[in-house]
Every structure is written in structure tokens, then in C-alpha cells.
Amino acid sequence: MSQPLTTRPTVTGISIIPFRQPPPLCSFLFVIVLFVATFYTLHHPDAVTPPLLFSRNAYNALRLRRLFLSSASNATISSYLRELTRHPHLAGTKPSLDTLHYVFNHFQSLGLETHVAEYEALLSYPTHISVTASFSNTTTLEFDLNDVPGDSPVVRPYHAYSPSGSAQGNVVFVNHGEERDYHALESIGVSVKGCVVLARKGENLGRGAIVKIAEAKGALGVLIYAENDGGGFGGIERGTVMRGIGDPVSPGWPGVVGGEKLSLDDELVTRRFPKIPSLPLSLRNAEIILASLGGARAPLEWRNSGRVGPGQRVGPGRMVINMTFQGEMKMKKINNVVVTIRGSEEADRYVILGNHRDAWTYGAVDPNSGTSALLDISRRFALLLKSGWRPRRTILLCSWDAEEFGMIGSTEWIEENVLNLGASAVAYLNVDCAVQGSGFFAGATPQLDGLLVDVLKLVQDPDAVGLTVEETFKSQNNIIQRLSRVDSDFSGFLHHAGIPSIDMYYGADYPVYHTAFDSYDWMIHNADPLFHRHVAMAGIWGLLGILLADEPLIPFDYISYADQLQAHRDKLSKLLEGKVSVNPLSMAIQEFSLVAKEAADEAKKLKGKSYSKNDVAAAAKRRELNDRLMLVERGFLDAEGIKGKEWFKHLVYGPAAEPESKLGFFPGIADAIAMNASEGIIEHEIWRVARAIQRASKALKGGFT
């Protein structure tokens, strides 16, 4: 039963009376009382003993970090996750409101300033799904499309925003469903026109792109399976096939309650949805279909990857598939929870930590491993506040809704606040699946690389005694990825608003992704039995927030960014083989490099100045430099956006409109190359990126021409 969004009653403090040379029994009782008091304090920061006098100096900064790290509690995080995963909580459903209340009440119980930002969005749910196979001997087979018992509260596997309808035809196996896979089929005389295609999900294409390409090739319907088999349980991977992100009936503006909504037949809306039905399948069912296929043998490269056998045929075969999806699209209320921890000196500058709350099923990994870490960070921040700390800059803790449908909650919030974000957001720190296995992974915009590595040096590795996360990261992975992908809530912040961003997670992948088996039970038996990885992630995430909020000078390194731009330019030049000049890029990057070094020198000088509030001149210089450091990323935005995906404005990191792009950066240039555009068009895209880099240089340098 849902609880009202009210503040929980606070509890009075506990005092411990000191004593000398107690007898053994008293000593034992004292230890017990101390343990209980410590446990109580961690869970009820209102009861912390009188606050420390907090002043901003190196010693107190160190004490603050130590207090934050030492107040970690794996048992507490475990209890949060257990509560969050008691029931499925798909966005727009009643159980999702229970999860909303739990998160909201948790924040309020800590005494944190908390509010709900409500929106209205078009969501998609299944009403009927079926897949049957007919054979030439009149045998019929109906596939089981559920990965849980019939009376389970978990939503049946489906693709959100698939159109309702049926498709009947022979089956053709299309590998990962990429353009090159269809080219391979064409080379052996196989067409998918009038057929149902079977695709295995790969790394390069999302579900929506797989369906879009199949539709363009003349397929009637699409079945998609994942080779991980749901951890051996027969799990089926749910997901969305909507194109783009955000509420489809309020494209480009916030979906506020009572605001403008387009009709479902508006062209701006219909182009977001596929025109042919699609459904997810289990690996078990996919293998039945694969075994029935005749026709030509699959290309060698298909048979050398994944679980495709050496004798695999691509079809068509003697099996005819009849697939049906019936669904309904409904306007639903979605709710973001936002905590505000006001800054003491630069309250108008914001460091944002975010995680989504909604899940396809129970969501133990995706996303509530991240949610439980965020709840623990809030508990520890409340403890710091009781000790006398206040951040220099304002910190926001955000719990997003409806991410699984296409990052809807965060996108609507960004669209409503885009001007304020552009003027005052320092950074966005995203954690979606905090823990899905072993090993630390991260993606970031390059100016945050150095800060991230510094923080990793402060956190103990959960899997290697005596080592820091930085030491194991350096030996096992040591790659900070770039954020051109669109698969979590950082996308709108970086690609649309130009906010420096980080995305982090433990574990490269996990087998129960988006299945009914993503549960608390799976977490404690597989990914993190003792919740030590959760503790490490919460430590990294929270310390990043503290340092970005507290450091007098924002810890951004644009020399690192310049080096990365140069590496991107070199790779592009090699790809173009001299056919198109990259000189505009070279000149722009050279200028950016010089300005980055000047800014680094300026920061070095200012670090030697007094941090006293009374030193007005030094404070003004720091503020002016901080503003320039903060605004650089906005320079990479272009009002026209990426051709074909105009909502995405970032010209250095953003999603390429063409899935076959050979670059993970410069999306406009990458698309032009992938589409075999003329040299003039490619050159124009190069100039667009060069101008964006020049804008970033101007922002970092300050002043006017």
C-alpha cells in the first residue's frame, strides 16, 4: 500500500557516558551499546553528536572525505535494494508509485529538501502477444513467450512502442540486423521482402535500429533474441523500439501536465515508431527456429561468432511464422524525485547525481543497484551536513522515472530546465546499473578523466585486498570510454544541454538483463553477495560529487580534452586517406590546445591565492575562471544538431544517425562518410565541428573578439 509523501518522525539522539576501568561484563556491554549506537547513527543522521566547526581547508577536506568513506554500510545498501525490488515497478503502473513513495520518504526522513517533478508522457503496454510456427506437414507449434508463471505480476516480454498487428511469412536469419548483414544476404541471393526476420541482438544496434533497417528492407515483422539466455533460466529481454528519446507526443518541449501534446497521427509522432511489429524471443525459442531454416549457409563470419553453429542456414525454410502483437499506448503520469543540497558560497552552480528508478521487472541490477547506492549517498551526505558541512556549490540528487521507455523522465526535466542548466550546471554524474558483475567501467567527457582517476585512488577495491580501484582499473581495463552512445540518462545532459558527464558501472555485462530474473536473489547469488561493489560505487560516485561541489576551482582538465580531440582528428584523417582536408579541424584544435594550457596556468596561479571569503579579488577571479571552465562543453553544441537526429546538438560526442558509422565521435562527419556523401558535404561537416571547437576555445578564453 502506498504511503503519503510525508516526512517521517525524527528520533532523539543517544548519549554515551564515559567511564574508567570497568569490569569485564561492563566492557562487553559497552561494546554492544557502542555497536548499536554506531549502527543507529549511520541510519539516523539526525542523532549525530554536536556538529564540527567546518571551515574550508585541506585538513577538513581530508576529514570530510574520510568521514564520507568510513560511513559506508553494505548492510544498509542491501536493505535498500531488498525493499526496492519487492515487486516489479514498470513506469506508469501502480507498483511504480510505491517505489516513488519509498524513495521520496527516504530522502525526506534524512531532513533533505525534496520535491517531485511530475510530467505526463505517452507510454506503451502489451495486451496480447503470440508467436506460432506452422510446418509443411500441418504441424503447429505455439511458442511460450513468458519467462515467468502466468500469475506473475511481471509484465510479459514485449517491445514498447511496437505497432499493433500481425505478420506471417517465412523466416530469414539476419544475424545482428545491420546493413552489412543484409548486404551479405544479398550477395548469396537471399531477400527478406515479405518475410519475418530473426535477429540476434549485438553490440552495435539497439532494438529500434534493428527494426528500422528490417522495415526498410521489406520485412513484415521482426523477432529479436539475446544470446545470453537470461542466465540459463530462459529469460526474455524486454526493451523499447522507439526512435529518439523523451516523450514522443511532446518532442522538443517538456511534457508538463496540462501542456501541449501532439496527436498520435502527427508526423512528428508517427516517425518515432516502427511500422512493422516486433517481439523479443528467448534463446531457446530462437534456436528452434534456427534449426528449421533451410537455404544457403550463413556467412562464415556469422558462424564464427556467438552461438551460431557451423552448419547454420539463413532460410527461408519449411517453417512459417505467424506473430501478433496487440498493445495500447496511454498517457501516464511520471515522477522524478529531486533533492537539493544548497551550496554555501556558489548556490547558483549545480552538481547533479542521477539514476533512474523504473524497471522492466524487479530491477535489482537495472537500475536499482544504482538507486540503492544513491540512497546510501544521500544518507552519508545527511551525516556530513549534521557534522557541519555544506557544499560550496549546490548538489542535486535525482531519481528519474520512465528511463526504460526512452530516457523520458530525465529528458522532460532537461527540456523544462535547459536554459538554467546551460547557465549553471557544472557536471552530471550518472549511474544506471551500479553493479552487474566485476571490474570497474566508466565513460566520461575528457575534462573529467583526471578527476575520476584521482577519486579511484581514494576508494578501496572491493575484490582485491590492499589495492585501490585505480590500481585494478589500470591493470585490467584502463580505458575511459567516450559518451556517444544513447543508453542512459546522461544522454540528454551531454548531447542536448552540453553538460560535462560521467557514466559508471561495475561489470561489463550480465545475463539477466531486462528479464524477469533481474532480482535481489540473483544479485546476492551472482553479482555482489556482500554488497562490497555497491559500497565502492557509492564511494566513487559520492566523492566525485563532493569534489566537484567543494573544490574552489572546478577540477576540469582541458589539456586532456585537447589531446583527445587531436587523437580523434588523427583517426579521421587516416579514415579519409587525404581525400578531404582536415586542416580546419587541425587549426581549431591547435587553438583549443593553447587556450587549455593558458587556463591551466591561470588555475595554477589562483590555487596559490588565499581561499578566504574576505579575499574578494581572488574569489572574483576564481568565479570568473570557474564560469569559463563550466561553459566550454556548451561550445560543442550546434543549434542545427545532427542531421537526421536534430535534438542531439553535440558535434563531438553524440549518436550517429547511421548505425554503420566507423567513428565513435564527430557524429555529423561520421554520418556523411557512412552515407558515401560528396566531398563537399563531408567538408561542410568538418567545418561545423571546427567552428564548434572554436566556440569552446572562446568560452575557455573569455572576453570578446
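FYI, residue positions are counted from 1 along the chain as it appears here.
Including glycine, each Cβ sits where the backbone N, Cα and C put it.
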Out of Asp366, Asp449, Asp557, which does Swiss-Prot tie to the same Zn(2+) 2 site as Glu404, His514? Asp366
Quick check: with Asp366, Glu404, His514 left out, which same-chain residues have Cβ atoms within 8 Å of the centroid of the Zn(2+) 2 site Cβ atoms? Arg238, Gly239, Ala359, Trp360, Thr361, Gly363, Pro367, Tyr513, Asp518
Out of the glycosylation sites listed (Asn74, Asn322, Asn676), which are within 10 Å of Asp366 (Zn(2+) 1 binding site), Cα to Cα? none
Please list, in sequence order, the residues in the chain of Asn322 (N-linked glycosylation site) that are at least six apart in sequence and whose C-beta is under 8 Å away from its C-beta. Ser130, Val131, Thr132, Ala133, Ser134, Ser166, Ala167, Gln168
Within 10 A of the CB of His514 (Zn(2+) 2 binding site), the number of other CB atoms across every chain shown is 22
Between Glu403, Glu404, which of the recorded positions has its C-beta surrounded by the fewest other C-beta atoms within 10 Å? Glu404
Cβ-based neighbourhood (8 Å from the centroid) of the Zn(2+) 1 site, residues His356, Asp366, Asp432 excluded: Asn355, Ala359, Gly363, Pro367, Gly370, Glu403, Glu404, Cys433, Ser488, Asp489
Restricting the comparison to the recorded positions Glu404, His514, Asn676, which residue's C-alpha is spatially nearest the C-alpha of His356 (Zn(2+) 1 binding site)? Glu404
